[in-house]
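Some notes on the structure that comes next.
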Amino acid sequence: MFQVNNNGHLTFNEPSSQFVPYSFPANRNQDIIAGLWTDLDNGMRGVVSYHQYTSGNVLTRATQDINTHFPNLNFSASWVFVATWDKVAYFSLTNTETSFQVLLISDRNSSFILMNYGEIAVTTHRAGYDTINSTHYIVINGSNSGSSISNLKNSSNVSVSGRWAFRVDGMKVVFRILHLPSDVNPVDDDGSSSVIQLLSPFLFFGRTYQQIYYMYVYCLNFNLLIHILNRLVMTQ
């Protein structure tokens, strides 16, 4: 199960409405992927959307990028999930715009995360991921310090500005942005989407998920991003 939650994170087993990010490692009982976990409000401005791909140019580009970022794998993507927060405002700050994207990429055996960042308005945030009991976690750009200054658009761990990439099947992990047709995710009362059934199983550090929840406040929850800046979409 996978949830795309309104506050910028993805969860797998249940939705999450928490808009104040906690620090990683949290030693909690859930797997979570935080593209940009903060207090977002797409009701005021912006669009949150998602799309899944099992064929076509997106898989070709994902395959090329993963093989570039992780040489000698001979990887061939069979499924890509893209969640996009496009020009979304922060809560009570209607003049702000923040854009970013989280991609889950798999060949059914190996799994990767790409996080793509466009313009990020100044705020406190958390970016990275954390697993059950924090056996694996990543904090991006010192966001655990609660810094309100984001340089995500210019940062990277794969020499592509605005992209972070992780291997997450238990071997390793990485992230970037896309401009493609998408499905707009309906919002539940708790700020998360309804459960999204994945078209392909996603292996996350030894646990296999088939659904996700996705929070519009920039974070992915496995039981829950695609239209941002074309120049940032899986390009080099």
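Every residue gets a Cβ built from N, Cα and C, even glycine.
The domain 'NIDO' annotation in TrEMBL covers 35-171. Marked as transmembrane segment by TrEMBL: 213-233.
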Notebook entry, point to check: Which value does the mean pLDDT take for the domain 'NIDO' (35-171) in this predicted structure?
Noted result: 83
Item checked: the domain 'NIDO' (35-171): DSSP-derived helix, strand, coil residue counts -> 22 helix, 59 strand, 56 coil
